């Protein structure tokens, strides 16, 4: 029994020494070293279990560090991927300057009853489009049973009814003209003419696309 006890004590001491040296050498493991020294203060029969707990704690710490490093690498990779996608999108825009989606429009008027969105000046989009810099594109949306108050712009306007139906009125040189409009119709509102309209449909929006020909500053209108 005495020989067995001595052997176990020697083995535990050797394991503890080896474990402490390994942690201090490879990981600068001050916390692991303290754990091992704490085990040395335990009764001899509790030391093996204590050392095993130290190993488990260290393995968990290593795994946690590995996860953090992997997350950092993943985050950097995601940022790089996102930058590459943005650069690719910019290249696609350069190759396709004639394609515009909803995000290309800027909302200049908005209320509970509708909105007016305007496309950027063409010469700002691409040098290939500088020949039509005097023109702008806008989209008017009016909710069902809504009324667009009288207004006028310093640009000639060709309007195409994209969706819905209603009534439009223009006042030019004191003369008033009213038209019933519906999907597919085209009407003109000269620069300076007062225009107002109403959506007569109780269910659908009235959507009108406009081509504006600016007459003062190229590409600018009010």
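Backbone N, Cα and C atoms are what each Cβ position is placed from, and that goes for glycine too.
Because the structure is a prediction, the values reported are computed rather than measured.
Features reported for this protein in TrEMBL:
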SIGNAL    1-18  signal peptide
REGION    61-95  region 'Disordered'
DOMAIN    98-222  domain 'Cupin type-1'
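Across the range of the domain 'Cupin type-1' (98-222), the DSSP-based residue counts are 13 helix, 70 strand, 42 coil. Mean pLDDT of the predicted structure over the domain 'Cupin type-1' (98-222): 91.
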